[in-house]
Every structure is written in structure tokens, then in C-alpha cells.
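A.B. asks: First the structure, which I've put down as C-alpha cells, then a few questions once you've had a look.
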């Protein structure tokens with residue numbers, strides 16, 4: 001028995017010692033690298049699902065043991081993991097720097113006539129400087145077909161570079177854009193040298209008429225616009241190298257320790273699914289996708305060898321992509337090509353080299369699903385190597401395994417239905433939505449439709465072989481269906497131009513008002529198939545309308561007054577056609593109901609005076625109970641938005657002995673009927689001091705203008721130093737509550753600003769190449785500035801005269817994307833968002 005106890009004690013001690021060792025290792029690597037690779041075992045699937053939204057699941061999961069997970073986390077997320085009290089192990093090999101041979105320009109002689117920095121195909125990893133120079137070399141030495149595009153910078157200021165390839169590379173033509181990008185996970189870099197070798201291969205074969213693949217590659221480049229980004233996360237790839245000269249310390253995350261492939265908006269989980277702000281790298285790629293319409297794309301990773309197709313966020317039970325058959329076809333094509341060009345066993349993982357994303361493991365905030373759902377780009381995730389950072393001896397081999405698969409993948413972006421959509425009256429290209437009937441219009445189709453791109457009006461719809469009806473729709477045009485269109489695999493069908501007939505704007509009907517609160521309401525109406533709507537609303541009986549606009553058939557109204565009846569009218573706009581306003585629809589906002597609070601007894605103490613803004617409310621003679629209501633009028637001076645020098649004084653009154661009383665004051669800044677913690681402006685602990693005067697408090701810039709409730713509480717505590725925490729205590733033993741109405745104003749908002757804020761901007765989004773600014777009567781001269789989301793000005797104009805209160809701006813020269821339009825006058829300015837499609 002003693003021997004058994006000794007063995008039990010030994011194994012317990014061993015377990016705890018090992019646990020301590022793993023925790024020490026975790027702390028060590030998190031401190032050193034800001035990131036930890038580890039393996040844990042969950043108790044059940046529920047824990048696995050919950051943790052999948054907290055930490056990043058890595059490759060190499062065993063489907064026969066789904067509770068044991070390989071994971072990667074930064075310090076913040078690892079601490080959240082520890083709260084689950086699950087056993088984990090730390091693999092030193094995964095967390096230590098790797099031995100890596102970097103490319104040495106001195107020992108590599110370029111045999112080509114061009115003065116390239118690197119020699120191809122690559123057999124080592126270039127430094128960042130050599131990489132950046134080589135990207136410039138591609139463009140400088142081949143200016144007719146290659147262009148260097150810089151879409152932004154990393155956290156540490158390294159450029160995010162693309163090479164764009166096309167026959168007339170400086171001009172966007174009627175041809176599909178094709179996208180490849182690698183290594184957003186900084187340590188998964190087999191694709192980094194591979195993409196550089198691919199660029200060189202395409203340029204070389206294109207330029208050399210004797211090359212056996214010249215005709216094939218020339219046809220590809222001449223009929224498409226190819227974008228290749230070899231390195232999407234330079235700070236992660238060169239982590240630990242201050243000079244960016246070695247990838248030995250490469251890590252998954254960016255410089256802020258954020259996993260970029262969990263940092264995109266998620267179609268299921270919504271914006272910021274990882275709980276982090278969008279990183280500069282994420283924003284750069286999102287801005288690029290806003291500005292350029294890509295047809296297909298691939299995002300290269302490592303740690304497994306498999307082609308991963310959508311969805312990553314929705315499981316099979318929740319529905320496959322509408323083009324699942326096409327995705328399986330092109331994934332199988334890629335895997336088969338790679339298998340034919342590689343040793344036995346390469347790209348045979350899971351379903352013989354392909355997998356549905358969430359069937360493998362679920363990812364929220366991934367780039368692949370963002371591009372598919374939000375941007376209508378057919379994007380895959382391709383895992384290139386079992387080892388994330390492959391030895392230099394394997395770099396050229398992996399290029400050879402994937403070269404032909406990459407070329408055939410590009411071709412899939414050219415295959416499918418393609419054509420132009422135009423206005424039947426003018427012949428001008430228009431922005432249109434293209435839907436495959438019975439495929440893109442189902443409950444789980446999830447944005448599988450595509451759209452045309454201006455200024456050409458071209459569209460591209462890759463699709464599996466079959467016979468289809470194609471629906472064409474555009475705001476302000478009659479829809480049209482092209483029936484019985486047959487296509488085979490690996491075929492391009494160029495359809496005749498589709499001419500849509502414009503319609504006249506009609507007055508909106510069937511109004512519904514919903515989600516009514518004391519300060520907000522949502523108004524909606526039937527979709528009239530138009531480009532935009534004008535809305536005017538006002539307090540019923542008022543003589544002045546408030547004007548705004550919307551590009552959808554609903555609008556959220558904010559800043560309303562409680563217990564007030566409003567009326568609104570809507571009209572529709574189609575190009576130059578504007579309908580009449582609808583008849584008025586009315587609704588009444590809800591009353592604000594504040595919680596009750598009161599003292600039970602004022603026999604011994606109560607509030608005798610409150611002073612705010614130099615004005616007193618002396619209630620010594622009028623207090624009759626533990627609650628006093630002074631809300632029927634505004635007693636105190638206005639409170640100015642953003643003012644910082646406000647103080648409030650509260651005088652305590654005792655009928656006999658002076659007791660220890662606490663004082664607290666709240667102002668309902670957002671007028672939502674509750675006193676939030678952030679709305680407490682004075683908190684004085686219990687004492688016999690009187691009067692008590694608050695420190696300076698600020699009226700926040702987010703406060704809603706107009707009248708709102710202020711609550712003052714004085715409460716007895718049986719000793720000094722206690723604080724009031726509950727604005728809704730009803731009833732406490734001794735003391736008093738007083739409610740007031742205060743008025744919040746913005747004295748910095750002059751009449752000019754108020755007028756400017758009513759300017760209208762339409763159509764928005766704009767696809768016609770022209771927007772109209774409708775200015776209020778009081779504004780005649782102004783400067784209009786259009787800036788992108790990085791603050792860069794893309795358009796500036798000084799306007800001296802306007803006709804009929806309107807001014808037009810030609811947007812043809814501005815790329816598609818999201819912009820801010822700012823109107824400036826000598827007395828103020830106003831800004832509104834503009835979407836250019």
C-alpha cells in the first residue's frame with residue numbers, strides 16, 4: 001500500500017512539474033516572440049467551438065481526436081485560454097528560431113540579360129531589401145507588361161507590393177483581374193519565393209518567342225490582368241530581424257501580434273470577429289478590394305498541403321457555397337496538377353488534396369470568406385507545404401510542384417460567362433447585378449452573384465458546366481433575363497451586350513415605421529428599384545423640414561425628441577428623373593421613463609440647495625419628501641457640448657445632528673432613459689462637509705443636444721468614506737433625490753454649420769461617373785474635397801458659382817472605393833461618405 005501511495009505521489013509531482021514547465025515555456029516564448037504555438041485538449045466540442053473564436057487554430061488537427069487542438073495565441077488571448085484550466089503542452093521546436101539560408105546576391109550570378117537582383121527560379125529566401133528591389137526590377141525592366149503597385153505599408157512601414165501583369169498594363173481593359181497573394185501568416189512562406197519565381201516565369205515566357213510556353217502565357221497575359229503579391233505580412237515574416245535580413249524568427253502574426261487571417265469582417269460573426277481593430281495590413285487589402293474588381297483569387301499558406309475552398313465560417317450543415325460544384329472542380333484541378341508534378345504523397349491530404357474549409361476546421365474573420373462574401377471574388381486558400389518554413393533545398397522543388405497548377409488556376413478566371421451591360425437609350429455602360437437564376441438567388445447563396453465594373457461595364461461569371469438563365473438588374477432599369485445559356489467546363493462564352501431599358505422614378509409606397517424608441521426610429525418602404533431616395537421629416541405641425549437622403553429603402557432617424565409626433569415623406573430618384581414626394585406618414589416617439597429613486601425619510605437631513613452654472617435652486621423651504629421633481633422647466637444655464645469647466649455644488653441640510661452624507665450626480669447625456677456609470681459627473685463620499693463642490697466635469701462631445709435629465713442624490717451612511725453607486729435605489733433609509741431638466745447646446749455650431757450639414761450628395765453609391773451636390777440656399781461659394789480612407793485627397797475644387805443650388809462632379813477618374821466628401825466655407829465645414837462603384 002505504501003509503495004502504491006509513493007508511485008501515486010511521484011506521478012502527481014511529475015504532472016505538476018510538467019505543467020509548471022509548460023507554463024514557464026509559454027511565458028518565455030510569449031515574452032520573446034509575442035506569440036505561442038501550443039497543443040491543448042478540451043473537455044468537449046462546446047469548449048472547442050468557444051476557443052476557436054479566442055485563439056487561432058493551427059494546421060495538423062487530427063480528425064479522429066477532435067478535442068486535441070494545435071493552436072497559436074498572443075499573450076492576451078493565451079491568458080483567456082488559461083481561464084479554461086485545460087492541459088496544454090508547448091513544443092519547443094515550433095517556437096524556436098529556424099536555421100535558414102538567406103539569398104546571397106554575391107554568390108548568385110544572374111545569367112539573364114536583365115539586371116535582376118535575384119536569380120530564378122529561387123533557391124533561397126530573399127531579404128526584404130532584395131525582395132523590394134526585385135519587385136521594382138520586374139517593373140523597370142518590363143514596363144510594357146509589368147507594373148509595380150504599392151497598396152500600403154505594414155505596421156513597421158514596409159511596403160505591401162504587387163506586380164501587375166497585362167499587355168497594356170497601364171490601361172484597364174475589358175479583361176478579368178486575377179489575384180494571388182502569399183504569406184499573410186508571416187511564418188508560412190513557401191509561397192513567398194514561389195510567387196517571385198512565378199512572376200519571373202510569366203515575364204520570361206511572354207518575352208521569349210522561342211519559349212515552348214510562349215503562346216500559352218502570352219494568351220493568358222494578353223487576356224487578363226494578373227496581380228501577384230508575394231508577401232502580405234513582412235513584419236511577421238522578418239520578425240526578430242531589425243534589418244529585415246533573415247526569416248529565421250518568422251512568426252504568424254503582424255507586428256502588433258494580431259493574426260491577420262482572423263482580422264477581416266466575417267459574414268457570419270460580423271465586423272471585428274477577433275475583438276481587435278482592423279490592422280493596417282488588413283485595411284490596405286480591404287481598400288484594394290474596394291478599388292479593384294477581381295474575378296478569382298488565391299491566398300497562399302503553409303503547414304499542410306491542401307486546397308481549401310469556401311466556406312471557412314459556415315459548416316456543411318449551414319450550407320455550402322452556391323458554386324460548390326465549381327469550387328470542387330477547380331480545387332481538384334489544382335491538386336491533380338500538383339500531384340502530377342511532385343513526388344508521391346504531395347497534396348493528397350484530407351479529400352485527396354482538397355477540403356471544404358469549415359469541414360476541416362472553422363475560421364472566423366478569414367480573408368477568403370471576406371473576399372467571397374463582401375467582394376464577390378472567387379477566392380481559395382491554398383496550403384503549399386507541410387512545414388511552414390521549408391528548407392532552402394525545397395524552395396525550387398515546391399515551385400516545380402505548383403507551377404503548372406498556378407497557370408491553370410489563372411485560366412479558370414478567364415473561363416465562364418462574360419459580356420457588357422449598357423443603357424439601351426445612351427449605350428453607356430452601367431453598374432448591374434448578374435444573377436444565375438436558381439443558383440445565386442437562393443436562401444444560402446450568400447452573395448454569389450457578380451456585378452459589372454465601370455467604366456467599361458464588363459462582368460465575369462466563372463461557373464460549372466450546365467445550362468443557365470441569367471438575370472440582369474440595375475437601379476432605375478427594367479430587369480432582363482437571358483435564358484438557356486449553355487457552357488462547358490474550361491470554356492469562355494462571350495455573350496452579346498445586354499441593353500437595359502431605363503425607367504422613370506415612381507413615388508414610394510407601403511411605409512413602415514419600426515424600432516421606435518424615445519430618440520430613434522427606422523422608416524422603410526417598398527424598394528422602387530431606383531438609385532437613391534430623398535427623405536424629409538419634421539415634428540408634426542412644424543414649418544421646417546429636415547432633409548436627408550438614402551441609397552436603400554430604409555433609414556434610421558436619430559436625435560429625435562421623446563413623446564413627440566413626427567411626419568416624413570419620401571421621393572425616389574432615377575438619374576435625372578425625380579418622383580413626387582409621398583404623402584406624410586406619422587409616428588410618435590416613446591416617452592423616456594426614468595427609474596424611481598427616493599429617500600424614505602427627510603426628518604434628519606435633506607438637500608437644501610443645488611448650484612449649477614452659477615444659478616441656485618434653493619429648496620430649503622419646499623422639500624416635503626425624499627423625492628423632489630424639478631423637471632417641469634430648465635432652471636440652470638445651458639451646458640455647452642465639449643465644455644470642461646462645469647461644476648455642481650450640493651448643500652446638505654440637517655435638522656439637528658450633522659450626519660455623514662454622500663452625494664452623487666448623474667446626467668443622462670445620451671437621453672436613453674438610464675443613468676450609466678459614464679454619466680456620473682459627481683461622486684462625493686459620505687462626510688459632514690457642506691456644501692460639497694464637484695471637480696470640473698466635461699460635457700462629452702457625444703452628448704445628444706437638447707433637454708435631458710439630471711439626478712442629484714444625497715444619502716446617509718453610518719460612517720465616512722462611503723460612495724453612492726446606484727442611481728435607482730428606491731427607497732433608501734435617509735436622504736433625498738432631486739431630478740432636474742438641463743439643456744445641452746453646441747455654441748460652436750453656428751448657423752453656417754447647421755446649414756452645411758443639410759447638403760445632399762447623390763447618387764450614392766455612384767456608378768454613373770457623376771455625382772451631384774445639392775446645396776442649401778444660403779451657400780453660394782465653397783471648396784469641395786474628396787479624400788480616400790487614408791486621408792489622401794483625390795479631388796479638390798473651389799466652387800464660385802452654382803446653378804439651381806446644384807453642382808456636379810465627374811468621378812470617372814476616381815477609382816472605386818469609399819471616400820469622404822467635405823464641403824468647406826469660411827465659417828464651417830461638413831463631411832459625408834461617398835461610395836464609388
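Cβ from N, Cα, C; glycine included.
These numbers come from a predicted model, not from an experiment.
Copied straight from TrEMBL:
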type	residues	note
SIGNAL	1-19	signal peptide
DOMAIN	124-413	domain 'Peptidase M14'
ACT_SITE	383	active site, proton donor/acceptor
DOMAIN	507-592	domain 'Fibronectin type-III'
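Help me picture where these features are in the structure shown.
C.D. replies: Confidence for the domain 'Peptidase M14' (124-413), expressed as mean pLDDT, is 97.
Residue 383 (active site, proton donor/acceptor) has a Cβ environment of 25 other Cβ atoms inside 10 Å.
Shown for the domain 'Fibronectin type-III' (507-592): DSSP residue counts in helix, strand and coil, namely 0 helix, 40 strand, 46 coil.
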A.B. asks: Taking DSSP as the reference, which of helix, strand or coil describes residue 383 (active site, proton donor/acceptor)?
C.D. replies: strand
